[in-house]
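In what follows, a structure is listed as structure tokens, so that the remarks can point back to it.
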Amino acid sequence: MLHKRASEANDKNDNTIIGSDLASSKKRRIDFTESSSDKSSSILASGSSRGFHGDSVVQQIDMAFGNSNRQEIDEDLHSRQLAVYGRETMRRLFASNVLISGMHGLGAEIAKNLILAGVKSVTLHDERVVELWDLSSNFVFSEDDVGKNRADASVQKLQDLNNAVVVSSLTKSLNKEDLSGFQVVVFSDISMERAIEFDDYCHSHQPPIAFVKADVRGLFGSVFCDFGPEFAVLDVDGEEPHTGIIASISNENQAFISCVDDERLEFEDGDLVVFSEVEGMTELNDGKPRKIKSTRPYSFTLDEDTTNYGTYVKGGIVTQVKQPKLLNFKPLREALKDPGDFLFSDFSKFDRPPLLHLAFQALDHFKAEAGRFPVAGSEEDAQKLISIATAINTGQGDLKVENVDQKLLRHFSFGAKAVLNPMAAMFGGIVGQEVVKACSGKFHPLFQFFYFDSVESLPSEPVDSSDFAPRNSRYDAQISVFGAKFQKKLEDAKVFTVGSGALGCEFLKNLALMGVSCGSQGKLTVTDDDIIEKSNLSRQFLFRDWNIGQAKSTVAASAAAVINPRFNIEALQNRVGAETENVFDDAFWENLTVVVNALDNVNARLYVDSRCLYFQKPLLESGTLGTKCNTQSVIPHLTENYGASRDPPEKQAPMCTVHSFPHNIDHCLTWARSEFEGLLEKTPAEVNAYLSSPVEYTNSMMSAGDAQARDTLERIVECLEKEKCETFQDCLTWARLRFEDYFVNRVKQLIYTFPEDAATSTGAPFWSAPKRFPRPLQYSSSDPSLLNFITATAILRAETFGIPIPEWTKNPKEAAEAVDRVIVPDFEPRQDAKIVTDEKATTLTTASVDDAAVIDDLIAKIDQCRHNLSPDFRMKPIQFEKDDDTNYHMDVIAGLANMRARNYSIPEVDKLKAKFIAGRIIPAIATSTAMATGLVCLELYKVLDGGHKVEAYRNTFANLALPLFSMAEPLPPKVVKHRDMAWTVWDRWVLKGNPTLREVLQWLEDKGLSAYSISCGSCLLFNSMFTRHKERMDKKVVDLARDVAKVELPPYRNHLDVVVACEDEDDNDVDIPLVSIYFR
């Protein structure tokens, strides 16, 4: 879910979609041999319960895809994708050659997603030439390409997406042997006879060649996958192995194991787990996978007799062992007759997949007999296809469809020739992900047929057959499904797209191809206040490397206008929020047809949702997280709004856990980022705030007079007096002493205050799970991780003071000698040290009766420090930037976290994994983004039609890793009833004529409602309990708002909104809609 930003594009942007040289940009690359520890490799170490060994699985993959240990990953470019796939999967992608045959819209979408993902090569095959018809769905074609070979016309524009991928074309007729050089072949425009021939070859090839057949025909789509007789899935879901912290283990046959109630267990019956760090019952620490059963939220049973094992004392971690899975694919020849279980997407269409299995076969027979597709609107062709389907169905035996839905087949026939952009985008995401699975063994493949339709997207009213006729237009394919009149609705739509990141780029491409806002009355406004970064380029495909640093919205708008020059698009660089309501004013919102969100944060979504509620505008919402995506249709008066239901807030670790009792690497990284920001950003910023306005700053601190003010002043004194740095050696000394404080002294103090045998007030062991007893570290310059951390920390400290970095810091020997010169004082434990152990505590700073006096002393000290500084002295606060590997930020944060993890015997992580967690990187890939936008645009057809009932709309949740597709009808809004009236959150009561307070109260009384409170914003305009408020009865409400609430009403605002609290005749509260009082 992505919300991003923008500025002016330069002249290059006129050709943004067609030209790039990613190879020209300087890249930091990491060799796979340095660290290729993917989850799949560790999973396989323990073997499999399915009768094959991990080593053989790896050999199978490596034999199929070759050895590519020399391949490198550009972490800056692929960081979001790495968070989904891991290094090993990326390595296998880099070694994979893919053939895509059929370069209409679906082929182009599949190719785009795979080129962005970074496979080794993509070969585009097509024997046909570009027609104007193709421009409805293929974003790489322009009108100038009409008459050229489709593959040749696609190569350069797709190559520009990623110059690290070799993109080539093939225009001859394929034979089976041509497929031997590929790991995966995808056919999107092929007869069933040829598909069976090619699939037989791929299925029997050694090693097998993964075969994918995909079709989109109008509003219908299908996918078939055959990855060979035995295909190893190394990681079925892509989720991290689940873990638990052990609290007790019984000595009995079928041992009962309980875990701490810190987090619910996610184990399932039959899972294999391994144990570590168990004290007492050490027999379990042998690394052997063990089967569990009777899983509950905080306990499970071990399928093993522990009667004669040692008695459990304490500690222990239990970790799920993810098992490989072997799939036996059937070749297409057999699967057509025995398809097995279909993958469902919409359980309101439970009988649909068998019918579509029949329909696609019937279409193939029709094309073979007629040499063409059925003509849109032709009843004769539709009846012929229905007859063929009926005949096939008669001979299907157990597969026979009980009720051949002729109406559905008629729709299928009418749109069979058309490849629609939303369907191409959706299936391009699905098929692209299946190719990644075939290349890598990562995630569970689609097994084996998937059928989908969105027949609900068709116009709600019947369309005359003449309206389907081609107009010699780039939209003819879409017209053949929806009709020319509906196409006019699309072209005249006024759309607001909020965000132009990954989702936004896909939306703009889709809308341009569909012709949305491309008519004389249409307009699309896109806004985004973000700029383009290198990490965007692997998903946000409208951007090129030369656009880095430019405004997202303007670059995206320029690129979308290249796709369709008729696109009426305006790009803005404003954040959408209360502060920009002068830009996005009432007139702007009232003029809109629909709003399409492409945001990446909940608060922005909620604001846009509130605006759509207020102005009663449809909102199409979507979001992605790795392989997962969701879409929601918010339709005035038909569905609930986005804010009507929310996910529960993420569980936050208690402050005391993060600061003193961490038990996982997330706690360590949370602490590390907090310390980084406190030391290098917040404290220097406080120093500058003080130096800029000493009197005002110290007055505010004295006024606060609390523990937080005391703590802030202490940090300023440390910066300007005790720990002030003037040379780089000072910075190195500071960093070395900071290491000693964090990882030695604080730990010694902690275990002095709470020894290993300490007990709680109830007599229970203090150091019981999930607490882990820490050990202080001992510094040694021979440990490169310690030396690198201290050097990186010193460099950033020097940056805050503007101190030059000497060249010798790059020499480990010289740096070690400089660190060794630092004199480290001996540690003396404090008897009165207070360490917070209360999990409900919200601060680590404790108040004292002496705070005011201490603050006075500190102010005197910093005043003295100020006089010792030059007048222009300022520090340089450092804002954390995760995506620049040369700035030492992640070196410091990863170092802080790993040293702390070492204190508590928590497994450490590499810098990349640390960046994912500490940088709060949202995992993202092109495939799920493409699918989400395709689904949203299928809903857009319904919105712009305007006549659909709620039953026609769909909200979707999908997970391409499993794969899982779950579609459901949106929930209706909650209805409130009073007397003969009813309303929902979509309603707003309007009162015109600039009424007085008395007139408003009377107006409500006429509805049987007694208003006891009226407020505007946070200010109370009227309360029936306050006698003086009765003096306001004859004042205009708008004047009360100006005088009492100090509301400023700009010229573009013609009404005022007030919240009214009411009771009915029985004194029951009644929630009424927002009341809008018009005064102009």
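In case you wondered, yes, glycine gets a Cβ from its N, Cα and C as well.
Among the features that Swiss-Prot reports, region 'Disordered' is placed at 1-20 (among others).
Per Swiss-Prot, compositional bias 'Basic and acidic residues' is recorded for 1-14.
Annotated region 'Disordered' per Swiss-Prot: 29-50 (among others), in sequence order.
Among the features that Swiss-Prot reports, compositional bias 'Low complexity' is placed at 38-49.
Classification of Asp528 (ATP binding site) by DSSP places it in coil, neither helical nor stranded. The annotation ATP binding site is assigned in Swiss-Prot to Ala502, Asp528, Arg539, Lys552, Asp600, Asn601.
Counting Cβ atoms from all protein chains shown, Cys656 (active site, glycyl thioester intermediate) has 16 others lying within 10 Å of its own Cβ. Annotated active site, glycyl thioester intermediate per Swiss-Prot: Cys656, in sequence order.
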- Message: Which one is it: of the binding-site residues Asp528, Asp600, which Cβ has the fewest other Cβ atoms within 10 Å in this structure?
- Response: Asp600
- Task: Have a look around Asn601 (ATP binding site) and count the other CB atoms within 10 A of its CB, chains all included.
- Result: 13
- Note on the structure: Rounded to a whole number of Å, the separation of the Cα atoms of Asp600 (ATP binding site) and Cys656 (active site, glycyl thioester intermediate) comes to 30
- Task: Tell me the Cβ contacts of Arg539 (ATP binding site) under 8 Å, same chain only and six or more apart in sequence, or just say none.
- Result: Arg80, Gln81, Leu116, Ala502, Cys505, Ala924, Ile925, Ala926, Thr929
- Quick one: give me the count of other CB atoms within 10 A of the CB of Ala502 (ATP binding site). 30
- Measure the Cβ-based neighbour count of Lys552 (ATP binding site), defined as the other Cβ atoms within 10 Å of its Cβ. 33
- Record lists Ala502, Asp528, Arg539, Lys552, Asp600, Asn601 as binding ATP; longest Cα-Cα distance in Å? 18
